[in-house]
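Q: Quick one: this structure, given as structure tokens, is what I'll be asking you about.
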Amino acid sequence: MASVLSYESLVHAVAGAVGSMTAMTVFFPLDTARLRLQGVVNVLLTTPLWVVNTRLKLQGAKFRNEDIVPTNYNGIIDAFHQIIRDEGILALWNGTFPSLLLVFNPAIQFMFYEGLKRQLLKKRMKLSSVDVFIIGAIAKAIATTVTYPLQTVQSILRFGHHRLNPENRTLGSLRNILYLLHQRVRRFGIMGLYKGLEAKLLQTALTAALMFLVYEKLTAATFTVMGLKSALKR
């Protein structure tokens, strides 16, 4: 036991800790890049499914816009076949660029959640379940409202049956996204970018609020078992 707790062992322990911290600091950007790349791969793999899902949902709907051509798909496989045949395989990735930009949504959500939580903990010793639920809903509502115009363009691009910028036919490009935003504002006004926001807020805010509540409760229970201080207490 004396040899384990000797000065030499302490030196080795400190040296190992410093070496580990240095390595983590140097290579942390690579870990961040890995996580971002995983998000990009996820978007690229799932976008074709979202495109087909969006078109099947809107099939049979009546549109006031005469430029929109109605679709007739007999299931998922037929939708994939018709899209590739009539529009090319790249049409399956319509809306990819807005999807990549929408990774900022959870970042905004967590930023506001942590900020609101810190502000409340300055005024009280502990946050209640109601506090967590409310600030979780508020944080998600802010993130959804900020990014909703991009979600609108994403849905338009996924549906595919619309007029593109005649100067740039590349679906999902930044210029085309700006063109679609401008066209929507010109036709419906600024509120046209937020059509359907009420339903989206009801869905996402309540879901996020419940998620944060469960997350904080599980975290607090884990801290209690380990004898550590909960993040819900100051």
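FYI, residue positions are counted from 1 along the chain as it appears here.
Using the three backbone atoms N, Cα and C, a Cβ is placed for every residue, glycine included.
Quick paste from TrEMBL:
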- 7-119: repeat 'Solcar' (REPEAT)
- 12-30: transmembrane segment (TRANSMEM)
- 127-150: transmembrane segment (TRANSMEM)
- 127-221: repeat 'Solcar' (REPEAT)
Q: Over the repeat 'Solcar' (127-221), what is the model's mean pLDDT?
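A: Here the predicted model's pLDDT, averaged over the repeat 'Solcar' (127-221), is 83.
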Q: Quick check on the repeat 'Solcar' (127-221): DSSP residue counts for helix, strand, coil, in that order please.
A: 76 helix, 0 strand, 19 coil
